[in-house]
Amino acid sequence: MSFKDLRSFISHLEECGELKRVSYPVDPYLEMTEIADRVLRAGGPALLFEQPKGHSMPVLANLFGTPKRVAMALGKEDPLALRDVGELLAFLKEPEPPRGFKDAIAKIPMFKQALNMPPKTVSRAPCQEVVMTGDDVDLTKLPIQHCWPGDVAPLVTWGLTITKGPRQKRQNLGIYRQQLLGKNKLIMRWLSHRGGALDFRDFQEKHPGENYPVVVALGSDPVTILGAVTPVPDSMSEYAFAGLLRGERTEVVKALSCDLEVPATSEIILEGYIAPGEMAEEGPYGDHTGYYNETDSFPVFTVTHISHRKDAIYHSTYTGRPPDEPAMLGVALNEVFVPILRKQYPEIVDFYLPPEGCSYRMAVISIRKQYPGHAKRVMMGAWSFLRQFMYTKFIVVVDEDVNCRDWQDVIWAITTRMDPTRDTVMIDNTPIDYLDFASPVAGLGSKMGLDATNKWEGETNREWGTPIVMDEAVKRRVDDIWDELGIEQSPTL
C-alpha cells in the first residue's frame, strides 16, 4: 500500500490501531515530549494531539516510533521486508551489467521504472491552499514543540529542507533542526558536510552577497520524508526515489517565492532565504545522545511566506537518550543498509546498528572470514563506503557463527577471540559527529575497530580453541523426553 499524503497514512494507521487521537489539551512545552517518550518506550502508537494548548493546529508525534510503522510508511508490513528497498538502492548505486541477452531483457523493467520516476509538476497544490506573507508571517502561531527543560527555545524537528546548488542538477532534501528565533526567523542548523550546507557554500562562491533561497516542507507524505534519510545515490533526487518506492511519481509544485519545487501534498511550507553573513548562536538542545549539546553559530533562515493546507497538521518529534524516534528509524533502516553493504562486500553476513549506540555510533558486522586480516578490511570498508557511517566510532567484526544482534553472543566473541593489543584498530583524526562532546576537538576524533573473529595462521601462533557443541542426537533425545522429566520450563536455546 502506498500513501499520497500524510493524511492517508494517518488514516491507515488509525484503522490498524497504530495511531491514537488525544483530545485532552496538552502543552507543546515539555508535556508532549513526556507523553510521547513514555508511549514510544512502551512500543505504543503514533499520537495525534488534537488540542495543543495555545494553538488550533493539531500535532502529530511518534509517527515513526516503531520499526513496524517505518516499514508501513514504505508500503511494507514487516521491517525485514525493508531489505527489498536496500536491494533497489544497491542496484541504483551500482547497476550490474547484464550477464546475457535474457538477463538484459529481465532488467529492462527495473531500468525503465528508474528512468520514468522524475517528479510530476502540478500547477495547484494542497500545500498552497492558505498563504501568508509580510506581517502575517508568524512562526509562533505554529505549535512548535519545546522538548526539554534546558532547551533554549522551541525547535522545528521534522522539516524537509529543500535547497539547490549551482553545481547540482537536482534539488537536495535534508532534515536539519531549526531553532525558533522570532516570528519570521529560524536558525538553520546544518553541519558543513551536509547537502544543504554544501549547496549554500557553492551558491555563495558563485553569487557573493546574494540571498540564498530555501524552502522547508513540514508534513510531507511518509515516503518522501523517509527518502530524505536513506542513502539515495547522488545522481538521483529524493523525489524520484520516493516515486520508485511509491510506484507513482511524486507530485511537486513550484514555490511561491523562488524556483524550488516542494512536495505538493505537504501540510505546511515555509519559504524564505538565508542572507550572507547572518548568523546566530544555536542551542543548547537535548539531543539523541541523551545530553544537551554545545552552542555554536549557524545561518539564520528568514521566512517570507507560510503556506499550508486547510486544517493543517503539524508534524513533530523529540530527540533524547535512546530509544527515541531517530533510534527507531535507525533500527528499521538497518535493514536497508544490509543489501547495500553486501553488494560491495559479499562476505558480510549481517550488519547491526544497536539503537542504544545512538543510531550509528557503534556497528557490529558478521562476516564469512576468508583470510588473515579480513576483519580489518571490512572495518575500513564500512567506515568509508557510505556517508552514513563516517561518524561510526566503534565497529565490532565477528564470525558468521556469532549473532551480531545478540549482545550475549557479541560479548562472548569479544572476550574469547580478541587480544586487546593485537585485535584493536585505532585511527586518529577522523570525522566525528559534531554533537559528540567526548571527542577532543569538535567534529574530529578517533575510531576503534574490534576484530572479534577467530584468528587464522599468520594472526596467531597459538592453537585456536574449538567451540563446545552438544551432540545433535543427544539434543533430540532430550527434546523427546523433556515432558517426562517433570521440569516446568525448558531454557531457551
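FYI, residue positions are counted from 1 along the chain as it appears here.
Cβ coordinates come from backbone N, Cα and C, glycine included.
Residues or ranges marked as Mn(2+) binding site by Swiss-Prot on the basis of sequence analysis: Asn172, Glu238. Taking Cβ-Cβ distances under 8 Å and a sequence gap of 6 or more within the same chain, the neighbours of Glu238 (Mn(2+) binding site) are Asn172, Leu173, Thr224, Gly227, Ala228, Val232.
The Cβ of Arg189 (prenylated FMN binding site) lies under 8 Å from the Cβ of Tyr176, Arg177, Gln178, Gln179, Glu282, Gly283, Phe298, each on the same chain and at least six residues away in sequence. Per Swiss-Prot, the feature prenylated FMN binding site maps to Ile175, Tyr176, Arg177, Arg189, Trp190, Leu191, Arg194, Gly195.
Sequence annotations record features per position, and here Swiss-Prot assigns active site, proton donor to Asp287 based on sequence analysis. Cβ contacts within 10 Å of Asp287 (active site, proton donor), excluding its own Cβ and spanning all protein chains shown: 21.
Across the residues annotated as binding prenylated FMN (Ile175, Tyr176, Arg177, Arg189, Trp190, Leu191, Arg194, Gly195), the widest Cα-Cα separation comes to 14 Å. Cα to Cα, Asp287 (active site, proton donor) and Ile175 (prenylated FMN binding site) are separated by 14 Å.
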